[in-house]
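Feature list (source: TrEMBL):
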- Glu426: active site (ACT_SITE)
- His425, His430, Glu483: Zn(2+) binding site (BINDING)
Amino acid sequence: MVDSQYYLPNDIGISALDCRVAFRLLSPKEQMYAHYLSRASWYGGLIVLIQTSPESANIYVLLQKIFRLQAPQQLEAAATAAGLSAEEYQAFLVYAAGLYANMGNYKSFGDTKFIPNLPKEKFKALVWESLAFKQSPGDMETLWGCCCEPLYSLEDKQKQLGLGEKGISAYFSGNCCLEDAEFAQKFLDSKNLSAYNTRLFKTEIDGKRCYEVRLASAEKDNCAVEGKSEVCCGKHEFEDSVFSVKRGDYAFLMEKVCQNLEKAKDYAANENQKRMLEEYIRSFTCGSVEAHKEGSRYWIKDKGPIVESYIGFIESYRDPFGSRGEFEGELKYLWVNMMMLIAFNNPVTLVDTQLRPLCLSLSLSLSLSDDDIRQTEGFKNVSLGNVLAVAYATQKDKLTFLEENDKDLYIKWKGPSFEVQVGLHELLGHGSGKLFVQDDKGKYNFDQTAVRNPETGELISSWYKGSETWDSKFSTIASSYEECRAECVGLYLCLNKQVLSIFGHEGEDAEEVVYVNWLNMVRAGLLGLEFYTPESKSWRQAHMQARFVILRVLLEAGEGLVGLRECTGADGRPDAVITLDRSKIYTVGKSAIQRFLCKLQVHKSTADVEGGRALYEGYSAVTADGTHNFLRLRETVLLRKEARKMFVQANTYIKGDAVELVEYEGSAAGLIQSFVERFPDDAEEVEAQLREMTCMDSSCWC
């Protein structure tokens, strides 16, 4: 029997994201701008298939070929003819929807592989019975041959994303390990190159290690070109190895992104938007991270646009080393909750003006990843209002690990408390905390004769030097550590009555928001155990690791603040209950978070990797020792886990001089149809290019 965590259940929640009202309120010019940004985002999104796993793109193409000729309703007859039961056909549709929603065959939240919940021979029989196979049997058989084994494989290394023996990663060739990633980072630092838009491939020639660093770019020319001097393409001897830096990774898709950004420029609302797009185009054309940073500067200056967007290689959660960004394209338009807009912008009065943020609650979270820009010029954050509204809807009978008298309270105040936590987390969590830096010219951004470590009282003795960054220094723990720091900021500041008032909560209501916010955090820490892999002793999701760490900190605080006990549920199966003493939040809880947050910040600010890693990995440890058997609790969490929801997104098309919005039902069939209709003009070319890119590198993971 295969563990259920590797299947998507037939009854998984699938919801359509509502943006109809917001879209209709846009002007014709704004709709055109949104349309072309959307097209750029969807083409770029296909890059994630290639970043996720060696087989993801081939599986995607196989499914697209099937569904382009037969919609899910039409394919059902073929499924019946192939001998599939109704449940098996639904499992096929759910798998396909999951592949599209996650842009690969590994969960985008948790990095666990998922396989079809129907026998392999039934999947194959359906492929053979499909119209796509009947029209092109040779081509479809070849496609099936390329992906049928990894489609179902659950070998230990293939169960999750990871580096070396810990898992699969398409950011690195299969023969790379942690030492290779660290060595490559040293090389990149020496050339002042960011890893954010790269992949790393390793070979050995005449006993010498050779590394190919691929830059994502539409251009394939590796020569020095005017305006591209910061990208040092070519061969470089480094210590005992050779590095080749090359442009052209995902070239076809990067070109499609640039073409649509170029069209969007014609509908930009102002000069900042236009300059932003110009820099993004330059970045995606020649592979320059510096150009993307320049574009981000204009993005920050574009205050309160009706159509908000961000695009590029952004979050590094899924790189096992923590330095390479997954491609993201996000488009949001028109806030519909003005009170939320006011609330999210008012907290900036509590922040130093140099770090002044702007945050909007919009229909349709992203934080700027460049700390140098964040600290010197500011930043923006975006809360995805309609995603949160759907994702965090809770049914009482599915609410686990809480006492009965907490459940109604939790359901009532989960939304308001989460809004407070998100606002504080994004604005004042990620938006605060100085990094002490000595630049390439020897200049310090702090007074080294006066700044003292608040933990020791001594002058600080370490800092970031030259091209070192937070991600490059803290690497594998950087993402989760930073999320933990931001979560702690949210927990601490939500205790401030002025802050709660800004968000519209006062008196008894404010106290309920505080209680549920803290209760939600400790419950999330327990739920986080789902994302821990005992075999490799590794975490697969940055946010959930962070919340587990906070749970450990609050349990350690003692004095009855947090209670966690194992029990037997009403169904006779193992269960657990977590409790929070609200009378001790402002005393025991506040003090514990304050002390821990100070330690987190000191290690981060001073580039103290050794101290930060020891602290964070200590609290991240999942063991059977001590007061709580977390390994056994993990089994209970897995037993009672609920599958994460999937979302169906609309498409836009140009008809005459107008843009039309097409929405789909919230079901597996609706999600599939939205992808089938996503590339109406060049689907076959896109699929051919995806296959070519996958085939070119197939030997790198053999």
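Cβ from N, Cα, C; glycine included.
Whatever TrEMBL says is automated annotation, not expert-curated.
Ranking the binding-site residues His425, His430 by other CB atoms within 10 A of the CB puts His430 at the bottom. Within the set of recorded positions (Glu426, Glu483), the lowest number of other Cβ atoms found within 10 Å of a Cβ is recorded at Glu483. The two recorded residues Glu483 (Zn(2+) binding site) and Glu426 (active site) have their Cα atoms spaced 9 Å from each other.
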